[in-house]
């Protein structure tokens with residue numbers, strides 16, 4: 001299987017997929033005061049198949065049962081990723097209102113019912129506990145995605161401290177939003193967008209570098225100085241009652257709901273490869289998978305007749321989704337800017353970018 005970088009290295013490399021952010025962030029937000037939360041919405045083209053895989057011990061989700069391949073509804077109109085813990089699920093009401101206004105959803109007598117699964121992160125300790133997303137956040141994130149698409153704006157997804165990633169933490173460091181994409185030799189493109197808010201670290205405390213050595217080379221990172229590594233090792237982990245990394249992987253391949261679910265399951269390995277530990281009892285790690293069906297592709301691998309004809313394609317797309325999600329995690333952490341005094345990777349390890357100045361907040 002040959003993987004090639006897609007043009008924007010973004011989930012929006014998949015035609016019809018649109019991403020919008022909305023957040024409120026006070027410049028003086030602190031741990032316990034001010035606004036520091038937001039949402040990220042993924043809009044899909046009509047006829048997009050959806051599935052989900054949930055591995056964390058404390059998930060906060062919406063409409064995930066509906067995505068079980070055994071159930072009747074196949075298509076998804078949008079996916080909500082939100083801060084605010086369970087309160088943030090209120091943002092889905094705004095997403096549904098926006099979709100209804102644009103006549104998207106299951107057509108029923110008298111109107112439409114939009115299908116909007118979603119998941120949330122626990123970020124209530126960053127900023128004021130009572131400052132959390134509302135329905136208006138979801139509506140405005142949808143509008144931002146739509147405006148970027150129809151207005152001819154740059155379709156590249158904003159990363160770092162934006163949208164649902166504003167209050168996110170990755171272990172002891174600032175987390176955020178990341179995205180990545182890959183095009184397969186067989187034709188389909190696979191992309192991911194992730195909100196990194198993990199209990200586990202994305203950095204090896206012994207080296208100051210990512211766990212995945214492949215990513216060290218890809219992002220041209222260098223070993224930080226011993227002083228910077230020592231400073232990082234002294235940071236105490238803010239082990240909280242709830243964390244969670246949530247994301248969406250998408251492809252333009254044609255997949256059934258069951259195949260889509262297998263892709264979501266495979267993509268979870270991208271979290272395990274870049275975050276240690278992952279899928280803990282304190283996380284609610286949830287990954288949605290979307291297949292727009294714009295590209296008809298057949299995997300090159302032969303499979304026994306007794307197996308599903310999708311097996312080879314599922315394997316290829318799943319492996320690519322795993323890689324995309326892993327890369328997106330590191331993009332999120334490298335792009336993050338400090339909020340409420342939470343240190344960033346760039347601030348703690350300037351030596352990883354060839355700079356020898358001391359660490360701190362970015």
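Each position is counted from 1, following the chain as shown.
Cβ coordinates are placed from backbone N, Cα and C, and glycine is handled just like the others.
What you are looking at is a predicted structure, and each value in this text was computed from that prediction instead of being measured.
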Where Swiss-Prot places transmembrane segment among the ranges 127-147, 148-168, 211-231: 148-168
Among ranges 287-307, 308-328, whichever one Swiss-Prot labels transmembrane segment: 287-307
Chain residues outside the transmembrane segment (176-196) and at least six past its termini with a C-beta under 8 angstroms from it: 1-6, 8-14, 17, 19, 21, 40, 42, 81, 121, 157-166, 168, 170, 202, 245-253, 267, 270, 275, 295, 297-300, 313, 316-317, 320-321, 323-325, 327-333, 335-336
Same-chain residue ranges lying at least 6 outside the transmembrane segment (32-52) that approach it to Cβ under 8 Å: 11, 15-26, 61, 64, 67, 69, 74-84, 88, 91, 95, 104, 115, 117, 123, 125-129, 131-133, 137-138, 141-142, 145-146, 162-167, 177, 193, 195, 248, 250, 255-258, 260-261, 263-264, 286-294, 339-340
